[in-house]
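Data first, discussion second: the structure below is written as structure tokens.
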Amino acid sequence: MATTRAQPDFRTRLQDWLPRIVLSPSIAMMFVFVYGFIVFTIYLSFTDSRMLPSYDWVGIENYVRLWGLRAWWTAVINLGIFASLYIVICTAIGLSLAIFLDQKIRGEGLLRPIYLYPMALSFIVTGTAWKWIMDPGIGIENTMHLWGWESFEFRWIKDRDMAIYTVVIAAVWQTSGFVMAMFLAGLRGIDNEMLKAAQIDGASNWNLYRRIVIPLLRPAFLSAFVILAHLAIKSYDLIVALTGGGPGRATELPATFMYSYTFTRNSMGIGAASAVIMLMSIAAIMTPYLYAELREKK
Amino acid sequence: MSVATQDTAVRTGRVTRTFIYVFLLLFALFYLMPLFVMLANSLKPLSEITEGNMMALPKVWTLEPWAKAWSSAQIGVEPTGLRPYFLNSILMVVPAVAISTVLGALNGYVLTKWRFRGDSILFGLLLFSCFIPFQIVLIPMAMVLGKLGLAGSIPGLVLVHVVYGIGFTTLYFRNYYAAFPTELVRAAMIDGAGFFQIFWRIMLPVSGPIAVVSVIWQFTNIWNDFLFGASFGGQSQPMTVALNNLVQSSTGVKEYNVHFAGAILAALPTLLVYIVAGRYFVRGLMAGSVKG
């Protein structure tokens with residue numbers, strides 16, 4: 001009796017479980033390669049790992065040493081400078097381009113892809129191009145001299161105090177078009193009638209944008225901020241290609257710090273600790289954002 | 001994000017309008033300038049760069065730098081040019097994109113049409129994994145790839161890119177399928193259609209646009225990746241790593257023209273995709289940031 005029933009039962013049960021079975025490889029990979037690895041790296045950050053992973057617990061020693069390192073402070077301060085300028089400038093350029101592009105501009109279809117194409121490039125390509133463009137020997141400085149502006153000087157990339165700003169320039173070039181696209185999508189979603197009404201009431205263009213349009217773009221601002229902040233914290237390739245962290249160590253960021261301490265300076269424990277701090281700062285930005293986004297959908 | 005057609009244009013005077021056009025054109029020049037510099041200088045003999053003006057068109061046009069970057073420039077210790085690395089990138093990108101897109105489609109299908117308790121938590125975890133700084137997984141990944149015997153190999157890189165790509169592909173397909181009427185799926189179920197039948201006959205035929213978005217996004221991301229390629233590439237380094245080695249090499253004369261040609265070669269595949277399917281590229285970007 002039982003055995004004859006088992007056949008259809010098994011098949012329906014299989015049907016019931018099939019979705020979960022199909023999903024399971026991805027979920028398994030996620031738990032191992034993402035969350036398992038995160039736990040493992042956190043664990044390593046509490047051990048005395050050097051060239052190879054070691055499992056001897058040393059408590060928070062790595063974190064204490066990390067925050068005592070000049071190089072780490074340089075990286076953190078650089079990230080602060082880089083991230084704030086990068087976010088502010090990208091947002092300003094992106095917003096201006098979007099608002100201007102939204103004024104029934106002839107050739108919008110041609111301009112938009114021009115603003116956005118850098119986003120399709122690798123940061124290594126961007127870094128290579130700007131490295132030579134900003135090079136005093138062959139780049140802009142040389143060009144200006146040849147064009148007759150003899151006193152023109154632009155050698156930030158060779159200057160310890162200014163090199164971090166060259167990273168901002170290249171990064172803004174790469175992503176500001178993308179921010180433009182985000183704002184443009186936001187602008188196109190705004191109800192036109194409201195603007196017409198305000199205009200009839202005699203509001204000036206400036207006030208119209210300041211009082212009505214820009215506040216309505218709040219979601220786009222939030223998205224832009226989150227995306228840019230997380231890109232800034234993860235910035236690695238651009239530094240490698242553009243400045244190599246130099247001159248000296250003047251443009252190290254946490255991402256390059258982590259790499260060099262872990263893989264070339266044989267301080268895996270400290271490298272792991274710095275990665276944990278990077279993760280925590282990204283989590284602090286992303287988690288509330290993703291949580292809110294997922295909630296809204298229901 | 002809805003692709004609305006309305007613009008928020010306001011009435012503007014002639015002065016304002018002129019200013020707007022000048023502003024927009026100046027920025028267009030800013031974005032185009034590096035591409036122009038790369039292209040123009042990749043077609044010059046080296047002497048024209050070191051003694052001449054970066055912004056000038058070549059006086060003598062030459063394809064020499066391109067040939068050199070492609071087949072004979074010194075990359076690391078071998079004078080192989082970028083060609084073998086270009087091939088590495090292709091061999092890595094094609095399977096990684098295919099696998100992650102197929103998995104993303106299946107995941108999105110399950111997460112919208114076969115919901116179960118706790119599925120949104122799983123999706124949230126998957127989504128968060130898109131944004132982690134990959135430094136947090138570098139050390140264990142290196143160990144695991146070593147244990148699996150995949151260190152420094154193309155299959156190893158494919159695995160890495162699939163693992164860290166399915167978050168985004170799942171996101172795309174999930175949001176896309178969420179808008180697809182569940183009633184149709186229910187009706188098919190009542191008619192006795194199974195899990196894969198419904199996927200194959202009902203979902204897949206309407207998945208064209210989102211599949212394109214997913215493929216383009218994955219292609220661009222994986223082609224442009226540097227961190228994983230540099231960490232786990234070993235003997236099978238992708239194009240980005242090779243380009244960086246070419247540019248950073250400290251021996252001999254700096255051949256800027258070859259560097260620029262190499263940079264364009266590295267950028268060409270994603271640039272072509274952008275030119276051919278820019279609309280989908282933008283959609284992918286937006287879906288990765290502003291969902292819905």
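Don't overthink the numbers, they just go from 1 along the chain as shown.
Note that Cβ sites are derived from N, Cα and C of the backbone, with glycine treated the same way.
According to TrEMBL, the transmembrane segment annotation covers B:20-40 (among others).
Panel annotation: around the transmembrane segment (B:85-109), residues 75, 126, 154, 157-158, 161-162, 165-166, 168-177, 199, 203-204, 207, 211, 214-215, 218-219, 222-223, 233, 236-243, 265, 269 of the same chain, lying at least six beyond its termini, place a Cβ under 8 Å from a Cβ of the stretch. The transmembrane segment annotation in TrEMBL covers B:85-109 (among others).
The domain 'ABC transmembrane type-1' annotation in TrEMBL covers B:86-277.
Long-range contacts of the transmembrane segment (B:121-145) within the same chain, counting only residues at least 6 positions beyond its ends with a Cβ under 8 Å from a Cβ of the stretch, are 107, 111, 151, 156, 159-160, 164, 166-168, 170-171, 174, 227-228, 231-232, 288. The transmembrane segment annotation in TrEMBL covers B:121-145 (among others).
Per TrEMBL, transmembrane segment is recorded for B:157-177 (among others).
Beyond the ends of the transmembrane segment (B:198-219), by six or more residues, the same chain brings 93, 96-97, 100-101, 104-106, 109, 113, 161, 165, 168-169, 172-173, 176-177, 180, 184-185, 188-189, 269-270, 273, 277, 280-281, 283-285, 287-288 to within a C-beta distance below 8 angstroms of the stretch. What TrEMBL records for B:198-219 (among others) is transmembrane segment.
For B:260-282 (among others), the entry in TrEMBL reads transmembrane segment.
Taking Cβ pairs closer than 8 Å, the transmembrane segment (B:157-177) reaches residues 92, 95-97, 99-101, 103-105, 107-109, 111-113, 123, 126-130, 134, 137, 141, 145, 150, 203, 207, 209-210, 213-214, 217-218, 221-222, 225, 228-229, 232-233, 236, 238, 284, 287-288, 291-292 in its own chain, all 6 or more past its ends. Outside the transmembrane segment (B:260-282) by six or more residues, the chain places 37-39, 41-42, 65-66, 68-70, 73, 82, 86, 89, 209, 212-213, 216-217, 219-220, 223-224, 239-240, 243, 246-247 with a CB less than 8 A from a CB of the stretch. With a cut-off of 8 Å between Cβ atoms, the residues of this chain six or more beyond the transmembrane segment (B:20-40) that come close are 12, 54-58, 260, 263-264.
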